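Listed in TrEMBL:
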type	residues	note
TRANSMEM	22-44	transmembrane segment
DOMAIN	101-519	domain 'Major facilitator superfamily (MFS) profile'
TRANSMEM	151-171	transmembrane segment
TRANSMEM	178-198	transmembrane segment
TRANSMEM	237-258	transmembrane segment
TRANSMEM	264-283	transmembrane segment
TRANSMEM	350-370	transmembrane segment
TRANSMEM	376-398	transmembrane segment
TRANSMEM	405-424	transmembrane segment
TRANSMEM	430-453	transmembrane segment
TRANSMEM	465-485	transmembrane segment
TRANSMEM	497-514	transmembrane segment
Amino acid sequence: MPTVDDVLAQVGEFHLFQKQTFLLLALLSAAMPPIYVGIVFLGFTPEHHCRPSPGAAQLSRRCGWSPAEELNLTVPGPGPAGEAFPRRCRSYQVAWNGSGLGCADPLAGLAADRSLLPLGPCGHGWAYDTPGSSIVTEFNLVCADAWMLDLVQVAVNLGFFLGSVGIGYVADRFGRKPCLLLTILVNATAGVLMAVAPTYPWVLLFRLVQGLVSKVGWLIGYILITELVGLSYRRTVGICYQAAFSVGLLALAGAAYVLPHWRWLQFAVTVPNFCFLLYYWCVPESPRWLLSQHRHAEATQVLRLIARRNGQAVPAALQCLRAEEEAGEKPNPSFLDLVRTPQIRKHTLVLMYNWFTSSVLYQGLIMHLGLAGSDIYLDFFYSGLVEFPAALLILLTIDRVGRRWPWAAANMVAGAACLASVFLPEDLQGLRVAVACLGRMGITMAFEMVCLVNAELYPTFIRNLGVLVCSSLCDLGGMLAPFLVYRLTGVWQELPLLIFAAVGLVAGGLVLLLPETRGQALPETIEEVESLRRPRKHREKKIYLQVKKQDIPLN
């Protein structure tokens, strides 16, 4: 009896219909960056200082100071050399309406050295040096409230984590297509509501809702396109689907440059998502899922549609179609299966750390770029551009060199680039950008590699569980990244890069502990996984049995 892969081999594994569907779903992937890393522009923190008190403003008008003179004479100057954020949160605690203050140097009569004057918190808000606006400038998320900006990105990643927990059940229970359309609708609606949110708590809430559904929608799109193409194209299509995310990064940089006000930017990157609801008429349900639900007539109808669009004859064996996995008793997966045996336990720990590292470095480097870059739009564009060579390197190396060495090298390049950036002088801005882009290329390659290899290191009956558990560390890393970047730069501008370098280099070393999976069939049993790195003659020395707990006698 033929399987879906057998039928696709006859009607076209990646012909016209699949190419059209891929382009449609790639647009969905390209719409993900504004949610994943949009905080760089939505939460941009410009140069700022305490707004002058009414008395200082009145003195400025009386003396006819220019804005630059008012800033120089009434606002504390930079702090000690190397301080990341010099005195942006302090103001002089003096009586500006006093009669003894002159226009030439009003503070000279109060103290010979301005550093001796008392400083206090900003009592009249802040002035921002920016032509646009951001969440930071609108809700004054600076100084004592700067940590509240971190929560915006934490809310997104918390939504990713909670949403991903249920993706397997939801997509398998209700189908790929209905879940995809529902996530699109909720994501677009929450995005528009965030653009008009009146207060900071509402921004957090709608960002959380976007996180709950956006990653789920992205993953369902990934699953759907890989289930509609033939076996020989599945890996390439999956990598290209992720590369479409990089296209979205470039588009985001352009949109942010044209729309410097965060509400208009949020609105502009959200509204196109409503167009994806048209996929109801353009994208079919997965025939593999339909077969798994014993809906053979609908699965046959989808495959007939694929054959007709590809200009191929309908195979005669289509009526005898069967699912890839025959019905029968299957082992019940357990979380303990991920740590019960030595090799699988090692795989789980190394993969969890690498998922965590990939997320921390990927998001962290982009956020740090927003703080350290001289031109945030151009630097962001360059950093997105280098993701395409990363995807190309994966396609060129995974079947020639293997998975392990390119993956380890990518992590180490990312870590080494972060370490080098710490010691590069500020005046070598071009070299700093080049090294930062090299680091971004390395971590992008590592991120895509961990997605690919994760499924290849677990046996069939715990494969989905293994991917779910390990990838959940990605979202936890995303929650930690904004605190590492935005808080530690207050201590030292380059401190986050030093931490990124350490975790990246360790991740590269740990990858070398994993077996090479190039040319290996996907393992079916625990014993096959435990034997991946052993010579063939030793494979029968130890056998791991898959048994159910209730079948084991208690005495």
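Cβ from N, Cα, C; glycine included.
No curator has checked TrEMBL annotations; they are predicted automatically.
Quick caveat, the model's predicted, so the values are computed rather than measured.
Most Cβ pairs within less than 8 Å of the transmembrane segment (151-171), among stretches 22-44, 237-258, 376-398, belong to 22-44. Counting residues 6+ beyond its ends, the transmembrane segment (376-398) has Cβ neighbours under 8 Å at 40-41, 44, 235-236, 239-240, 242-243, 245-246, 249-250, 252-254, 256-257, 365-366, 369-370, 406, 410, 433, 436-438, 440-442, 444-445, 448-449, 452, 518 in the same chain. Across all of the domain 'Major facilitator superfamily (MFS) profile' (101-519), the predicted model scores a mean pLDDT of 87. Taking pairs at least six residues apart, the transmembrane segment (430-453) and the transmembrane segment (237-258) share three or more Cβ pairs below 8 Å and count as touching. Only sequence-distant pairs (6 or more apart) were considered; of these, at least three Cβ pairs between the transmembrane segment (178-198) and the transmembrane segment (264-283) are under 8 A, so the stretches are in contact.
In this chain, the transmembrane segment (465-485) does not touch the transmembrane segment (264-283); fewer than three CB pairs sit within less than 8 A of each other, excluding pairs fewer than 6 residues apart.
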